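Below is one structure; the comments refer to it alone.
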Amino acid sequence: MEDITQLLSDVLEDLVESELKQFTRQLWIGVKPGVEPIPRGKLENKDRQDVVDSMVQQYSEDAGTITVQTLRKIKQNERAKRLESNLLKVQSQGQENKQNSEEPQPIPQIISQPIQQIISQPINNAGSEDLQPIQADWQRPRQIIPCSQETKNTLLKAHGDDIYTPRSGTQRKGLALLITNIQFANTQHNRNGADRDEENAEWLLRSLGFAVIKYRNLSGKDIRRAVENFSKRREHEDADSTFIVIMSHGTRIDNKDAIVGVSDDVYFIEETFSHLNSVNCPALIDKPKVILIQACRGGQSSGVLAQDSVFASDSWVHMEKDFVCFMSTMPNTFAYRNPIEGSFFISYIVDVFCSSAHRDDIMELFRKVTLRMEKDQRFQGQAKLLPCIERTSISKRFYLFPGL
């Protein structure tokens, strides 16, 4: 925050007195709807540092963005552009420092040999290795099969305009949002094993080339704020696609799927579509938006594994373009989670993506996950566990092209 404060001070120092008056006046009359004005008494006849202090006190981490918007309001476009660039550099450096201060994680390596060579043999013979069920002692592969340039060229040639084509660069670019609730206000609702899901999901997203924004233990209100803030990230403008992964307890209220926050308030999943639709997130127009939900959806079951449900409690009304939502279970059904190893849904996704993302599009990957879970004998009868695709509006083939 100190770096941002210094940047704001430097910008205001460059303003002449008349420009500073325009700037402070804009702050007290209001920069834009939804941004609370700063009281006039805190700004009038104050020096530049006082103005900066008032902005930081009022807007906290948003002070930099609001300064950029205010500069544009008073036609200081070059200064706004320069400040925006400097803010991104500070933010990037902050994320890098945070990562460096954390315990280093093994860097995933991309290999060419089949994924089946590096994981344990399946518990039974079900035919194709691609269709084997996840065994109880499954461990996440540390590798992902890359897509060769030849395979990519073949797919592009075969399907042409029917593919979401990566924009540029050596790797598909995009942001991913990862929210995992583990510890709840009511400790009886704690989701043991969910930390493994978080670790596995983050590893997969980073291996696929996505920058991951991660949150843990959020209330329903905080989930709403996190998704809304994510939808406003400027990085989406240069992105090819995005992933949103939310893992918590879940329920259904008035035929609507809801995520349960750590304070037992809820976040309705349909809000994610609203925040990321063409109106509220124009930067993601015509780009795939993949939503993965590990949570219960109401219902009852006699299964013996941990269940991602808290409340004892159809379909959405409107559609948006280029969305697909893959949920861990059918409506009115529990989702299961191993208290040590994490959820079967996330484990299957990681396993299938590692072995098949180099050649299959996203819908085929989801089909393989569903088929493998359907064949898993642990989830037959009353303890049924079958994921489903909801509210899809994907209009083209979405290939992840790992490694390219």
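Keep in mind that glycine also has a Cβ here, set from the backbone N, Cα and C atoms.
Annotation source Swiss-Prot lists domain 'Pyrin' at 8-80, citing sequence analysis. The annotation active site is assigned in Swiss-Prot to H249, C296.
In this structure, the active-site residues H249, C296 were compared by how many other Cβ atoms lie within 10 Å of their Cβ, and the smallest count belongs to H249. Secondary structure of the domain 'Pyrin' (8-80) per DSSP (helix as H, G, I; strand as E, B; remaining residues coil): 53 helix, 0 strand, 20 coil. C296 (active site) falls within neither a helix nor a strand when secondary structure is assigned with DSSP, and so counts as coil. In the three-state DSSP classification, H249 (active site) falls within a strand. Across the domain 'Pyrin' (8-80), the prediction's mean pLDDT works out to 88. Distance from the CA of C296 (active site) to the CA of H249 (active site) is 6 Å.
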